[in-house]
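Data block below; observations after.
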Ligand SMILES: CC/C=C\C/C=C\C[C@@H](O)/C=C/C=C/C=C\[C@@H](O)CCCC(=O)O
Ligand SMILES: [Zn+2]
């Protein structure tokens, strides 16, 4: 088994098969009092010690098969956490199982958890808790082998105040009054499909749900639930389309939970219960993860492109089935621009722009970008063109899913299977510059995508976009320009402008006069428009940009908006001041990354 640079756990010597969790959610102290029983399979003889991942956990006791076990906490690592080294009171042989029980408490600053006060919720009356474990944060909630190379089932019992509801990334398995405390309810969950620790998820809040399909409900605070049910009404059609492409959906239920806007990502593919924020407009990506990522999983975070590149490929194939091939091409072109932006932001020589980067001593949160998504998609799209088109290549993707379902894979294993599947076209595959694609930074060795897709979108199949004005001639802007464009096209129009040098201030003002972009509430449009305005040094846009950066917490929007304002000299200090004012209520990971982006440490930010 290969090693995982992001985990201390000894998964070469033993692997977890099942977790049994008892969680007591304490909103007053902002901690979870917990017990986890890990059923561990031993992989070697004379086995008597194992290491689990933890981060900021207060470990109270450890036992093995009911007997007390000794444990020590190793040195704390900045992002990997603290190894929990356990010595068993007996030896085991290869093939035997042991139940290791750890009793512990989480920290109020656990990186997987955000605790919201009632004021931070839509209902304003009850507190709220949610988790986000990807990539390496599960260890701050559960002592476990926190590596995507290890897959296990889980059962959980969660005690919460009776006014609240708990849901998890699992099938709901009933509820009862907490036998220890009649003012609480214990919610029970079972996840019978083996999955990696990063997909364990929990939410506790004043939740309601509505049925949106034969295997789907939407959950949220009651203030959002009917709107959410309407927005995600296409879920079953998308699930069926995905099943037609990728094979049966194995997770039973497919529910969607709409979180408060501080959730750091647009969506998260937690099994049985996709997490979404109000800024996530389409669910096809998260549905696709049910096959690529959740069923076939990257073995370490260095192979994250296997999760995300295939998911983007499948998401766009769903778009192809439900809309058209042109729509797929259009989305692919948008993705190419996102890739160019990430390469520009990181720098084209930065090894983190490799499709398969080394994450030795690299915090996965620092490495995260569009690269695994869009360089991954570009490779698959390139292979599709070389090997016979979308139907032929989707056949490979489906077969890859069947081959590696319920396991975790490396890029090398994926490539070997590609060569096996296309054994009659090995000469074609040998012409691909694999080293350039996988292990070389910068844009991929692939030029046709940009031009082909650009031509398709700018001419013929979609209305002509307004050309960015370079001189003082502003008569090119007409109110009718945007009228005939879909919201997807407005997004791409603004993305093109963002790739140019900043527009003169007169031009963005004229755009506002003509198009009234300030009034657009679609977050993908608003985000790009406000960036464009701040880049053009339009002072009036600064408060709107900072408001968007703090009203919601999706890192894709919040981080660049803070950075744009920070880079506007006159408002540099204002960016710092607003960040300091909001930091305490931000998600811990978002707050940490914005602090790095704005080059502030804890001391500076709290003293402002
Ligand atoms: C190349 C390796 C880079 C990163 C390793 C993996 C994960 C890093 C991490 O920080 C966690 C990411 C979680 C993402 C969750 C959902 C995304 O798909 C959402 C994408 C952004 C958005 O739409 O808001
Ligand atoms: Zn994804």
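Each Cβ is built from the backbone N, Cα and C atoms, and glycine gets one as well.
The model shown is predicted, which means the values in this text are computed figures rather than measured ones.
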For the Zn(2+) site that TrEMBL assigns to 285, 289, which of the candidates 302, 308 is also assigned?
308
Can you tell me which of 134, 265, 267, 308, 555, our binding-site residues, come within under 6 Å of ligand 2 at the Cβ?
308
With the Cβ under 6 Å from ligand 1 as the test, give me the qualifying entries from the recorded positions 134, 265, 269, 289, 373.
134, 265
Counting by DSSP, what is the helix, strand and coil composition of the domain 'Peptidase M1 leukotriene A4 hydrolase/aminopeptidase C-terminal' (452-598)?
101 helix, 0 strand, 46 coil
Record lists 132, 133, 134, 264, 265, 266, 267, 268, 269, 554, 555, 556 as binding peptide; longest Cα-Cα distance in Å?
17
Is any of the recorded positions 285, 289, 308, 373 within 10 Å of residue 269 (peptide binding site) (Cα-Cα), and if so, which, in sequence order?
285, 289
For residue 373 (active site, proton donor), which of the three DSSP-derived states applies: helix, strand, or coil?
helix
Just checking the recorded positions 285, 286, 289, 308, 373: which sit within 10 A of residue 265 (peptide binding site), CA to CA?
none
